Amino acid sequence: MNILRRLPLVTQIKPKLTLHKGFFSQKRNDERLYDEILNDDSEYLSFTEKYLKLDPSKTCYIIQPYVKWGPQKKEGITPEEQLDEAKALVNTLPSWDVEDTITVPLESLDKKALFGSGSLEKLRQLIRGNAGVNAIFINVGTLKKSQLLNLEKEFGVPILDRYKIVMQILKLHAVSKHAKLQVALAELYYVQRTTFREENFGKPEREKVKLMFQNREQKLKNAIKELRAERALLRNKRQKIDYPVVAVVGYTNAGKTSLIKALTGEEKLKPRNQLFATLDVTMHEGMLPSGLKVLYVDTVGFISDIPTNLIECFVATLEDAVLADVILHVEDIASTCFEFKRKHVLDTLRDLAAKAQTSDVLNKIVSVGSKCDLVPREVNVGMLKVSSKNDIGLDVLRLKLEECILSNTNRKKLKIRVPIGSEAIRWLYKNSTVICEIPDEKNSQFVLADVIITHGKLSQFKHHFSP
Ligand SMILES: Nc1nc2c(ncn2[C@@H]2O[C@H](COP(=O)(O)OP(=O)(O)OP(=O)(O)O)[C@@H](O)[C@H]2O)c(=O)[nH]1
Ligand SMILES: [Mg+2]
């Protein structure tokens, strides 16, 4: 009988990112520059103060307009489901509460005051009779200037659209320099647009302000370009270490961070019931069933109905996702509109792939249905179901990921016969994943090693050790 010996995995590949000497002093300079861009632009900051600052606490009424038919009708998601998402957005802002909500049918989203006179009258009665309400969130992407002005006049409280609420959350959740710079670019587009909409500049002043925005945009774009280059450098280093990379993507709040935490056991990860909890792309090491080590990339979630340039600001970090070996698309199957969210995520990935100039994104996707503990067992969603909370389906998912990694990364599972204690077996431990060794029954001086090895490393092995 063969004795199957599982080997200690700690002896295997250790990541070591060696960066060139000047890297750290260059990085310190960059940090200073980034700080300057973010905090020392007083003219710009006065506009942000004016147009983006929100009161620390508000009690708001959420109105969900919906078009009943025609091209502006939203397919795949009901107004009530949209309201749920709007509530989650508001609840993500600390000290903000939702007083009440209402859905309002419309013929189009283009009317001057958005709503017709009948609806306006009804809303006025509802809201004016509700003394606690001091803000109204109208859950559409962006409102036009005339709509904002008319509605503010009508209700006498600040009116917010989805773009403004999402911007607030992004600003709150951006912690690292990387995230802050990307959010600053998204914010710039918002502030620029609002400034030109609200201010009645004369021509010379308008030109001056325009130039100020252009300068800031250029500075931010340059800084983000440097970030992209830095990330590309790290990606190259990682490729040299040969860790396969699994990017975990999905709609915001789908359970991405929780799934990575469950797959890797990493305690530091903090899943939260908030939208855009994760804004930084972070890497987490995990192990697949054969002992193959893998890096999971946690990413910023997607959300529908925000201007496309907002998610594009995250391209520096999302590039890591589209260029991964496998893209794990996490879909919250407890959400009633998960097919709508799926379509949004896939469309966004396609756009990002075009920007990163890579075409094979869709072939690399493995879909997984998360939060299956919240769904009756018999429900078939046409994909693997997992629960990070109750540890359901995680082993099957690891097997599936391993299968995809082997086929996507030119890795092979092989049996290699090598002398016991030889240079060759030591080389294999260093340069591949050795799953197990069993003594060769025909010759006790040899072992048969089951390994996972890349095509490149296999050629090197043959070159060094073939007789
Ligand atoms: N019941 C249940 N809840 C889960 C499961 N996985 C995640 N959640 C909850 O879903 C919420 C969002 O989880 P996250 O892991 O932060 O989601 P995310 O996709 O990383 O969210 P963003 O970073 O905001 O895009 C948290 O309240 C989690 O506790 C699960 O398997 N079952
Ligand atoms: Mg997250």
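In case you wondered, yes, glycine gets a Cβ from its N, Cα and C as well.
Owing to the predicted nature of the structure, the values given are computational and were not obtained by experimental measurement.
In the three-state DSSP reading, Lys256 (GTP binding site) counts as helix. According to TrEMBL, the feature GTP binding site maps to 250-257, 276-280, 298-301, 387-389.
As annotated by TrEMBL, Mg(2+) binding site applies to Thr257, Thr278. Neighbours of Thr278 (Mg(2+) binding site), defined as other CB atoms within 10 A of its CB across all chains, total 23. In the three-state DSSP assignment, the secondary structure recorded for Thr278 (Mg(2+) binding site) is coil.
The feature coiled coil is assigned by TrEMBL to 210-240.
Look at TrEMBL and you will find 244-409 tagged as domain 'Hflx-type G'. When pLDDT values are averaged over the domain 'Hflx-type G' (244-409), the model yields 89.
The two recorded residues, Asp280 (GTP binding site) and Thr257 (Mg(2+) binding site), show a Cα separation of 11 Å. Between the CA atoms of Gly250 (GTP binding site) and Thr278 (Mg(2+) binding site) there is a gap of 12 Å.
Proximity of the binding-site residues (Thr257, Thr278, Ser388) to ligand 2: a Cβ under 6 Å from the molecule is found for Thr257, Thr278. Within 10 Å of Thr278 (Mg(2+) binding site), counting CA to CA, the binding-site residues Asn253, Lys256, Val300, Ser388 contribute Asn253, Lys256, Val300. Ser388 (GTP binding site) sits 10 Å from Thr257 (Mg(2+) binding site), taking the Cα positions as reference. According to DSSP, Gly250 (GTP binding site) sits within a strand segment. Cβ neighbour count for Thr257 (Mg(2+) binding site) (all protein chains, 10 Å cutoff from its Cβ): 24.
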